[in-house]
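Features of the protein shown, as given by TrEMBL:
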type	residues	note
BINDING	K114, Q177, G209, D240, K383	UTP binding site
BINDING	H210	substrate binding site
Amino acid sequence: QDGASQFQEVILQELELSVKKELEKILTTAASHEFEHTKKDLDGFRKLFHRFLQEKGPSVDWGKIQRPPEDSIQPYEKIKARGLPDNISSVLNKLVVVKLNGGLGTSMGCKGPKSLIGVRNENTFLDLTVQQIEHLNKTYNTDVPLVLMNSFNTDEDTKKILQKYNHCRVKIYTFNQSRYPRINKESLLPIAKDVSYSGENTEAWYPPGHGDIYASFYNSGLLDTFIEEGKEYIFVSNIDNLGATVDLYILNHLMNPPNGKRCEFVMEVTNKTRADVKGGTLTQYEGKLRLVEIAQVPKAHVDEFKSVSKFKIFNTNNLWISLGAVKRLQEQNAIDMEIIVNPKTLDGGLNVIQLETAVGAAIKSFENSLGINVPRSRFLPVKTTSDLLLVMSNLYSLNAGSLTMSEKREFPTVPLVKLGSSFTKVQDYLRRFESIPDMLELDHLTVSGDVTFGKNVSLKGTVIIIANHGDRIDIPPGAVLENKIVSGNLRILDH
């Protein structure tokens, strides 16, 4: 046994040495103006790689997972019931809004940053975000800045667009998350030959997940700038979550805690529905709140993890974090996040892995962390064109950049919408709807195959539209489909 583990140890040391040499080679190709930040990136990658080699198997011991104590996840109603102080402006002036803007729109067939996809009345995710914060600043006469964490994929395009907000009452800052080399799944060596990310090197680099925010924000100098300006908390969320607006009640709870002891980290969680069974959940683990993601769960317990009755909530990735605490932990090198191993196959067929971390996983490193169980309306992510259909429809009304569920909708839940592969790309999706149907009374919509919708269609109850291979279905203008199954070449049956 000892001999085998010594052998393993030697192999790992050899591998780390080889990776170190490869990274040094890559660094020598950096131009002088990019040398410093490339070196920081590669050092960060080496630390992550070292931990990756040390850790084996799923990173949680299932036997130690416990339900969080009652008071560690507070209901939003209780926090809202405290009301707001008269000096809400001075509380708001302590806040910085950070949006995670590293993602591309490729899953929806778009080139460029996802945040520049039009979501509602020609407004993009970024437009809506700027409008929300501008509305806050005007209403309360405050100066809440917006910070975008870009990746090397989105930085250039985003910066070009930012000029159009020059006249807005929002100061906008950007910083870039790190750029790490992808590694060959077999050899575990970096596939990059030099620092460039064009030509054959395009696929050699990746942004290492949003857990990178702590180091990148710190390294960018912005963290210190904001602390000097007297800012105390950041509100971090995904730019494609249209429900993630600044909530004054949560902010007040952070700044004026009822027991006098401030939280360093608040995670907004919300109740699972059947659509969210894979979302990360908050548990109690070794006496601390801990985020457990599906990738960390031993295979034998995955079904239990997905159970809506045992783990009722999941992480929305809306996080409120103390700036001072980030600085302290970053300087002590004490932010501990589990490694997510993300396997990818490149266009040429090469299998690689990328090592990532998730921002919420750091919750266990902060003092006095708290979960807040928020209404579902604070989680409105747009990951697919099915989600896009919901937010473009009359289910929501738009006011100062914020979407709210229409009062005419009789139940508070969103319909379940599944659009087939003909709708995956935004431009195909837009071509298939002459206008967005009335969906106020819809419960469930499934569309598959070559289907188009005329103007002013109404969908109610459960509607299933399936065009067989080679057939095409055109839903005529003004059609009202209520509990219908439409199949083949437009036979309409009662559901």
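Each Cβ is built from the backbone N, Cα and C atoms, and glycine gets one as well.
Because the structure is a prediction, the values reported are computed rather than measured.
Each of the binding-site residues K114, K383 was scored by the number of other CB atoms within 10 Å of its CB, and the largest score is that of K114. With a 10 A radius on its CB, G209 (UTP binding site) counts 23 other CB atoms from all the protein chains. Between D240 (UTP binding site) and H210 (substrate binding site), the C-alpha separation comes to 14 Å.
In sequence order, L100, G102, M149, Q177, N238, N317, T357, A358, V359 make up the list of same-chain residues 6 or more apart from H210 (substrate binding site) whose Cβ falls under 8 Å from its Cβ. Within 10 Å of the C-beta of Q177 (UTP binding site) we count 27 further C-beta atoms, all protein chains included.
Residue density at D240 (UTP binding site): 22 other Cβ atoms are found within 10 A of its Cβ, drawing on all protein chains shown.
Max Cα-Cα distance over the annotated UTP binders (K114, Q177, G209, D240, K383) is 21 Å.
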